[in-house]
């Protein structure tokens, strides 16, 4: 057995866009299947408005959700979310492969030698921007479906029609700017943290699931730094539904600070880390494993 498992995300890794797209889609689908309920709870926490006598805890939200909407409500918005994760995973890792090669060429042309971690930070930011542009409508749709507190489940097509009817085509991209900032920052920091963790774990490559452990650390680190941007993104996605007219991201940011304080930017932080860290762990592990498996099949053929 090799003492060092291959890191397919490291600077200089020879991964084709097609390989990365397929492995990334598999990783996205599997990670979503395990973390859907945590995502629902996290978004409900983030969307709590000011005005409750008592802020609802995670336990209270879960209890109310099960009593009033049934256990299936934990998977509200899961169909668009599964599509989102499959698309996002494929586009994220596929674009990562393409951008990584482009950045490496620029480094060679301008005689720059970035560390593997800093290389991954830049590439990750780029892949986050591309992935957000492609998959954002599904992210918004997921948020709208999860925010629905009626026992009956809204349909995807019905929700899309309502958004277009009430808000126009632009409504499908409500909150895209803070989303771009949030996702690109989180993605860049995740890949940066992952590469740092992989470098520090060089002497522990025989540890089972070392990729998942490094992915868990990366997910927790990136989310801890960028969580306020994620809250702002969710509020922007819901503002036109709640208030009937669009607000700018800066207006919503100031309103949160004024009415809820800094704490308002961190609503749902605990459950978010509990969801994001395992998601990153599963996603990065499955990407590495799926890519190795795809290559083994090709060798056998």
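Cβ atoms are placed via backbone N, Cα and C, with glycine included.
On a predicted model such as this, the values are computed, not experimentally measured, just so you know.
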Candidate ranges 151-171, 172-192 [criterion: Swiss-Prot lists as transmembrane segment]: 172-192
Stretch carrying transmembrane segment according to Swiss-Prot (options 20-38, 39-57): 20-38
Other parts of the chain folded back onto the transmembrane segment (121-141), taken as Cβ under 8 Å at six or more residues beyond its ends: 77, 80-81, 83-84, 87-88, 91-93, 95-96, 99-100, 103, 114, 156, 159-160, 163, 172-176, 179-180, 183-192, 237
